[in-house]
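Everything on this sheet refers to the single structure shown next.
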Amino acid sequence: HSESGTPPNLAFVPACQPPDPMEVQQLQHFISNSKRLFVMTGAGISTESGIPDYRSEGVGLYARTDKRPIMHTEFIHSASARQRYWARNFVGWPQFSSHQPNTSHTVLRDWEKLGKLHWLVTQNVDALHTKAGSQRLTELHGCLHRVFCLNCGDQMLRSELQEHFKALNPTWKAEAFGVAPDGDVFLTDEQVRDFKVPACRKCGGILKPDVTFFGDSVSREKVDFVHQRLAESDSMLVAGSSMEVYSGYRFALAAQEKWLPIAVLNIGPTRLDHFATLKLNSRCGELLPLID
């Protein structure tokens, strides 16, 4: 149970067995032997906060629908794609931004406080690690809670932008039919047609969420920074990720090249299973709190 005493929301979590005592022992041993642990988290750590993911078997977006997330080039080059993106994001934002960290997020924050965790890299854009209080943190794919201008680089909070949307669209209303990952909801083209999108307040440029869309790449500086943190570490834990996306997978390959022990905690198969030191098929929120 999370700190607020609310049970985890398991609507978007694939079915799995409770942790096996042997698994708990193995992970405990792995964590105890590690002095500078490098942790990478993925969508599977946030599904227990009620946020759906893309790839989980049976419950992820790809399993439930043929919808696909917006591509980087589409957002950059098409005003109608941006209009559709922001309309859906506007509707989804109140719910998405209200999600709270779960046990897994607080456990990792506590490990950091205890000096067990050297660095945490998340592939998620939901700010839940930040909400939980993690500080030794890199958001590999950015964060939906921030927005910036593609032209002049001016930044603003996504919550602030929500007020601009409301001011520009005082009478616009849309009922979503289904929630998707990353603060997205499903709307029809007709619903989206009259939605107005604000431009940058400083230069009139295009506003974009501070996240890496599909088809875009993570900045060289950020990648180098994460490689440096990994070089200082002595082991790697992957929690809640299938590591299908190369931007995260490359760090597991780097860890393997350095002969670092790698533990993987994820429901279902991952790209690391054939070389991981330890593979645990449990729910993050059930197994992580059992580790001292």
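A Cβ is built for glycine as well, from the same backbone N, Cα and C atoms used for every other residue.
Record features, source TrEMBL:
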DOMAIN    17-292  domain 'Deacetylase sirtuin-type'
ACT_SITE  His141  active site, proton acceptor
BINDING   Cys149, Cys152, Cys200, Cys203  Zn(2+) binding site
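Locations of recorded TrEMBL features on the structure.
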{"residue": "His141", "record": "active site, proton acceptor", "Cβ contacts under 8 Å, 6 or more apart": "Gln123, Asn124, Val125, Val211, Thr212, Val218, Ser247"}
{"residue": "Cys149", "record": "Zn(2+) binding site", "Cβ contacts under 8 Å, 6 or more apart": "Gln155, Cys200, Lys202, Cys203, Gly205, Ile206, Leu207, Lys208"}
{"residue": "Cys152", "record": "Zn(2+) binding site", "Cβ contacts under 8 Å, 6 or more apart": "Cys200, Lys202, Cys203, Gly205"}
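The binding-site residues under consideration are Cys200, Cys203. Their Cβ neighbour counts within 10 Å are lowest for Cys203. When pLDDT is averaged over the domain 'Deacetylase sirtuin-type' (17-292), the result is 91.
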